[in-house]
Amino acid sequence: MTENAPTELAITGMTCDGCAAHVRKALEGVPGVREAQVSYPDATARVVLEGEVPMQRLIKAVVASGYGVHPRSDGASSTNDGQELHIAVIGSGGAAMACALKAVERGARVTLIERSTIGGTCVNIGCVPSKIMIRAAHIAHLRRESPFDGGIQAVAPTIQRTALLVQQQARVDELRHAKYEGILDGNPAITVLRGEARFKDSRSVVVHLNDGGERVVMFDRCLVATGASPAVPPIPGLKDTPYWTSTEGLVSESIPERLAVIGSSVVALELAQAFARLGSHVTILARGTLFLREDPAIGEAITAAFRAEGIEVLEHTQASQVAYADGEFVLATGHGELRADKLLVATGRAPNTRRLNLEAAGVAINAQGAIVIDQGMRTNSPNIYAAGDCTDQPQFVYVAAAAGTRAAINMMGGSAALDLTAMPAVVFTDPQVATVGYSGAEAHRDGIETDSRTLTLDNVPRALANFNTRGFIKLVAEVGSGRLIGVQVVAPEAGELIQTAALAIRNRMTVQELADQLFPYLTMVEGLKLAAQTFTRDVKQLSCCAG
């Protein structure tokens with residue numbers, strides 16, 4: 001290395017500017033280092049040297065300070081000493097596919113390893129089939145009951161669950177082939193191995209092939225994108241019963257007369273309402289209240305909506321024992337004994353990391369078994385990245401896909417970070433729940449002084465025209481700047497308007513700037529404008545579409 005030659009390193013494991021300061025101090029303590037500039041947001045270190053300093057000495061100093069490190073290449077399409085990079089991708093869901101396609105686009109060769117069905121959770125046993133089932137249940141509900149029953153006769157529908165299931169799974173198969181299998185089959189730069197991967201060391205995995213035998217796959221970079229599976233709580237007797245997780249519930253060939261649901265996760269609530277609308281008597285056992293971590297008004301609104309539909313919500317209730325005999329589940333609770341024909345357990349999802357032998361590669365996980373990554377999807381082990389539900393990031397397929405794309409860019413020598421400050425989230429109950437940014441309580445915990453306004457839907461013309469005014473829109477603004485920092489919505493179409501709020505937050509708009517925008521009349525998203533106007537005026541005193 002010549003005098004004053006800058007050397008760039010990629011640093012993993014930093015979580016704040018204080019970490020960057022520790023890395024800088026470690027590097028500047030190496031003899032021959034004149035100056036080190038370390039950036040936490042970029043996860044990089046730029047080192048100015050005086051004379052010859054071995055790269056290994058710099059790496060050793062960073063590792064000794066508790067962080068991961070590897071030399072950084074700045075090429076847009078990465079090469080490895082002039083050779084094509086080989087990237088191993090473990091998994092085939094949203095994160096895995098996004099990474100594989102972006103890596104190939106930038107010149108890499110990819111080996112994708114999948115132990116089960118191509119496509120991962122979302123298309124096969126998650127988002128897609130659940131939303132189809134929820135939509136079918138919504139149609140059944142409207143035929144049974146709607147705001148227009150005075151002029152349109154309501155007729156109790158006949159539910160043919162087998163036919164609905166055939167329709168649902170046909171669309172699942174269609175999307176899996178179109179968006180996953182077909183794309184992989186048509187890409188010569190991607191080799192698919194069917195089998196289970198386990199790390200041999202930090203540069204190779206052993207694949208136990210589904211059709212027998214094993215293969216060692218060497219890699220320059222590796223992405224772990226193995227997703228998550230339903231978590232099962234350690235309730236005495238539960239594992240000895242034929243309980244459902246969401247996987248079994250979504251492909252059930254019949255609708256149970258009585259369904260008990262353990263958990264109040266997003267999956268629990270979505271499927272509880274769907275089964276209720278398809279004919280089940282549903283009882284939810286919630287350890288706390290619904291939407292415990294969100295604004296309290298959200299949980300109150302959904303609890304009221306569920307109870308109005310005949311769904312029994314038992315708050316602060318846990319099963320202490322589960323038994324199954326003669327085709328019936330018996331749950332012991334603090335409220336007495338609960339009997340059901342089927343039991344759905346939906347208490348959350350656990351990362352699929354236990355069988356990967358991550359310790360052989362030196363990859364760190366947290367107490368929940370999730371792989372710890374930085375904003376660039378780097379693990380603490382050089383050359384190994386992770387994305388999606390197996391990491392400590394939010395478990396949404398769009399987050400996983402974005403993470404996979406950025407991981408590929410970083411693997412290939414680029415610099416891309418995943419910014420989740422304006423990440424929208426939607427729960428597909430009815431009414432839907434959609435959030436983005438800060439709640440008032442979260443802002444308070446971060447020391448941000450806020451001003452909030454809540455607009456009930458009886459002030460939104462579209463809701464009035466629909467004769468469905470259940471719900472609200474709440475805006476959270478920063479005091480002083482007036483900048484919008486959070487939005488919470490409970491509304492039948494909450495998911496269709498939350499991205500507008502996310503863009504407003506991303507672009508650092510004030511509530512006044514939002515109030516001044518043009519919104520089409522008689523749309524639900526117009527409610528955002530009306531909510532913004534409540535910061536300075538009484539919207540009840542405005543004409544229908546006052547600007």
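Each Cβ is built from the backbone N, Cα and C atoms, and glycine gets one as well.
Residues annotated as metal cation binding site in Swiss-Prot: CYS16, CYS19. Long-range Cβ neighbours of CYS16 (metal cation binding site) (same chain, at least 6 residues apart, Cβ-Cβ under 8 Å): TYR40.
Sequence-distant neighbours of THR121 (FAD binding site): residues of the same chain at least 6 apart with a C-beta under 8 Å from its C-beta are GLY93, CYS127, GLY227, ALA228, ASP389, VAL397. Per Swiss-Prot, FAD binding site is recorded for ALA96, THR121, LYS131, ALA197, ASP389, VAL397.
As annotated by Swiss-Prot, Hg(2+) binding site applies to CYS544, CYS545, with the evidence given as similarity to another entry. Shown in sequence order, PRO461, TYR521 are the residues of the chain, 6+ apart in sequence, with a C-beta less than 8 angstroms from the C-beta of CYS544 (Hg(2+) binding site). For the recorded site, CYS544 (Hg(2+) binding site), the DSSP three-state label reads coil.
What Swiss-Prot lists as disulfide bond is CYS122-CYS127. With a 10 A radius on its CB, CYS127 (disulfide bond) counts 16 other CB atoms from all the protein chains.
According to Swiss-Prot, the domain 'HMA' annotation covers 5-70.
Confidence for the domain 'HMA' (5-70), expressed as mean pLDDT, is 84. According to DSSP, the domain 'HMA' (5-70) comprises 22 helix, 23 strand, 21 coil.
The two recorded residues CYS122 (disulfide bond) and LYS131 (FAD binding site) have their Cα atoms spaced 10 Å from each other. Rounded to the nearest whole angstrom, the C-alpha distance between ALA197 (FAD binding site) and CYS19 (metal cation binding site) is 33. A distance of 29 Å separates the Cα atom of ALA96 (FAD binding site) from that of CYS19 (metal cation binding site).
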